[in-house]
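Record features, source TrEMBL:
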SITE      R14  site 'Transition state stabilizer'
ACT_SITE  Y19  active site, proton acceptor
BINDING   N70, D83, I97, S98  substrate binding site
ACT_SITE  H96  active site, proton donor
Amino acid sequence: MILNGPNLNMLGIREPHIYGSTTLDAIKASCEEFAAFTSTELAFHQSNHEGELVDLIQSARMSADALIINPAAYSFTSIAMFDAMKIFEGPIYEVHISNINARDELHRHSKLSAAVKGVIAGLGPYGYIVAMQAALQWAGQLPASLPAAVRVGPT
């Protein structure tokens, strides 16, 4: 399951000098194409509402093996999401389109990172595909058709 937080529905319009011109619909299409290539089921959601994201994280316990989340602004504020993420038993990968570590003080320190297996930041929209690869690697489900270099390393 891939979850996207507030204002990500405005990608391509909002601050393209930071987030680029790729829309969330284009990211979703790319993720769906990669999921089809790897024979993976994918649920892709976006919400501007913290409670809805908490509900989706909680429901993922029963419906998802891994969770990929771009919490956006909630990275810096949401204890509720942090607590929900701690309940999820599979791996969680936090994705940020921009390199939050190189941003201003307000956007630099994710409160949610302590609840995740890995953080992917600064790779633009490709970070979602990297997170999907990491989740498949963790599950031992990377297709043999991928080059060995992509499948290298333990989980």
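Cβ coordinates are placed from backbone N, Cα and C, and glycine is handled just like the others.
Owing to the predicted nature of the structure, the values given are computational and were not obtained by experimental measurement.
Using a 10 angstroms CA-CA radius around N70 (substrate binding site), the recorded positions that qualify from R14, Y19, H96 are H96.
According to its DSSP assignment, Y19 (active site, proton acceptor) is helical. H96 (active site, proton donor) and Y19 (active site, proton acceptor) have their C-alpha atoms 9 Å apart, to the nearest angstrom.
If you measure from the Cα atom of R14 (site 'Transition state stabilizer') to that of I97 (substrate binding site), you get 13 Å. In this view, the densest Cβ surroundings among the recorded positions R14, H96 belong to H96, judged by other Cβ atoms lying within 10 Å.
Of all the recorded positions listed here (Y19, N70, D83, I97, S98), it is D83 whose C-beta has the fewest other C-beta atoms within 10 angstroms. Residue pair D83 (substrate binding site) / Y19 (active site, proton acceptor) shows a Cα separation of 27 Å. Across the annotated binding residues for substrate (N70, D83, I97, S98), the two most widely spaced Cα atoms sit 24 Å apart.
Note: the CA-CA distance between I97 (substrate binding site) and Y19 (active site, proton acceptor) rounds to 6 Å.
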